[in-house]
Amino acid sequence: MNKDQTLSHTTGRVSFKELQQIIKMGLVQGNLIPAFAGAWLAIVMTNHSFLSSIPQILLMLVGSTLIMGGACALNNYYDQDIDRIMPSKQSRPTVNDRISDRNLLMLSFGMMLIGEACLFLLNIPSGVLGLIGIVGYVSYYSIWSKRHTTWNTVVGSFPGAVPPLIGWVAIDGSLSLAAVALFLVVFCWQPIHFYALAIKRSDEYALANIPMLPSVKGFKRTRVSMFIWLVLLLPLPFLLSNLGVTFVVIATLLNLGWLALGFTTFRKESNQTKWATQMFVYSLNYLVVFFALVVVVSLIKMI
């Protein structure tokens, strides 16, 4: 594409659908679930009034959405070179020149600044955790680890697990064991989720020279890593034992179900894409069900 063609593309307005791609709205929405659960659990466990906490919850959700969307937009800016190589990324506005670099950076930093302002309005810990999430995702994951080490997914899991901490401190102002437990659940969940996706796109990552674990170490090694993270999930519901035996039992069954699904096709080497797809779909359902369970059980306790 020549310069004139590029200008003609970037001077048009970006559609709402394209904006969603730029800020990775699906990823943002997924992270808002544990953020809300963290806030809700803080209300229940620290005896805050729900009605008086609604403004904090809303401001936390707005701030979290903005900082995550802004960080994702900056990630898209930095990843333009590799996204142009990967077939699954060809519809991104950053790849087909639907948005200029200048506008993309303005959008990214504008969202992050406003988002951080919202979080700091809540309290200092919320703003600081937001900054940790931004720096961790943009610097340590996007710029450094993603292109240099097979540990990139684990590195990215740390900032990716910050939302429930922000949710909690937005209400209570300080962390607790329950907040850390939610953080650990998201932290351990992410490698399983993203390794499953990486198995499905292993050839693409290899083509773009991104050292994802399946592309570098192969399917067997990746699958073993996924099982390790699944095992690490098993004791985490017990850290939330204050929610009661029912919660611990259901959450443990949810973990065991995922482990059982993983073992069903463990030996079928030729079926690796189907296996990865099943694990990926379960991971999506797991995130929603686990945190919905946190909210529902704590609501029952509050009533």
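Glycine too: its Cβ is placed from the backbone N, Cα and C atoms.
Pulled from Swiss-Prot, these are the features on record:
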- 25-45: transmembrane segment (TRANSMEM)
- 54-74: transmembrane segment (TRANSMEM)
- 118-138: transmembrane segment (TRANSMEM)
- 166-186: transmembrane segment (TRANSMEM)
- 230-250: transmembrane segment (TRANSMEM)
- 280-300: transmembrane segment (TRANSMEM)
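Of the candidate ranges 54-74, 118-138, 166-186, 166-186 contributes the most Cβ pairs within a distance under 8 Å of the transmembrane segment (25-45).
Cβ atoms under 8 Å from those of the transmembrane segment (54-74) belong to residues 22-25, 27-28, 31-32, 35-36, 39-40, 104-105, 107-119, 121-122, 126, 130, 133-134, 137-138, 142, 163, 166-167, 170-171 of the same chain, restricted to positions at least 6 beyond its ends.
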